[in-house]
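One structure is given here, and the rest of the page talks about it.
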């Protein structure tokens, strides 16, 4: 009977009764990961990692392989869905102060960096114009590292320019990294279950818990269904919504695209990179745009965990979201006025959030102490 009770308890897994829809994005991300690995496997069967054949093999998958177009579109649109979900997941963590669970937050940041690396390697594989030139620009940033830069770039390229060895190793990395993401996700979930999920109020959830199944599991299934429906709708009616028209042309090292830009989900980091005219400074800013998330648990000063009861912090948070969108938009534009200035101002505001937020928390504490 005790064994049955243990099994029952593990299935019920008590969770705070008031967690909202924002808590469903973890399960949606897991669904995205499963979708990407399964569709990626079928694409890898037909893909050829050779600079002369890669573009043709992608065309072959789309035209000749039964349901190849489904796999290719699901994989491409699924990547965008993955990033939409992860950005919402991170925003939820910032808003509700979930970063105070340090181990979960830091493992999540490592997951984000790994995911971005995986997506970048994947974007290069079709060997279209934008794939080639995005790879050239981004990998060239390694040369900004003093002393080691040139050696690292040559090692990554497998030669003195982006060529066949580069594509081969990018394919190998793109294939292996999702399994690292699975491992990191397992660690992320195990660490989360040490303390358990928090809730929108930021209060101790132990006083009011309900079984995970059926209450929250059905809620998860609903949101996963909404996500998959959206995914298939985009695939059916606008399959090239997130694609760059430039990438429908085969890579040509002799012709530079008018405006080099990565996929939309990297544009905020790329916009920050472009806003700094110095190569090393831009590279550091690019890295810091993601790594700065790791500072959040150590700079939280407010006595209140969630922003739900902090109107000034809410204004600051929504300014960050607007800034993120602004940087993404400016990164799609050419490097010319007024976009340069807008991008620079937005980049300053983006980083300012992580400086102003702890100061604001300290000010709020002072005000609350004065009032009490």
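The backbone N, Cα and C atoms fix where each Cβ goes, and this holds for glycine too.
Transmembrane segment is the annotation Swiss-Prot gives to one range among 3-24, 47-68, 69-90, and that range is 69-90.
Per Swiss-Prot, the stretch carrying the note transmembrane segment among 170-190, 191-211, 254-274 is 170-190. Swiss-Prot assigns the feature transmembrane segment to one of the listed ranges (133-153, 280-300), namely 280-300. Same-chain neighbours of the transmembrane segment (170-190): 26, 29-30, 33, 36-37, 40, 44, 47, 49, 104, 107-108, 110-111, 114-115, 117-118, 121-122, 124-125, 135, counting only residues six or more beyond its ends whose CB sits under 8 Å from a CB of the stretch. Away from its own ends, the transmembrane segment (339-358) comes close to residues 268, 271-272, 274-276, 285, 288-289, 292, 295-296, 299-301, 313, 316-317, 319-320, 323-324, 326-327, 330-331, 333 of its chain (Cβ-Cβ under 8 Å, at least six residues beyond either end). Taking Cβ-Cβ distances under 8 Å and a sequence gap of 6 or more within the same chain, the neighbours of residue 193 (ubiquinone binding site) are 13. Here the transmembrane segment (280-300) has Cβ contacts under 8 Å with residues 90, 94, 97, 99-100, 102, 105-106, 109, 112-113, 116, 141, 144-146, 268-270, 272-274, 347, 350-351, 354, 357-358, 361 of the same chain, all six or more residues outside its ends.
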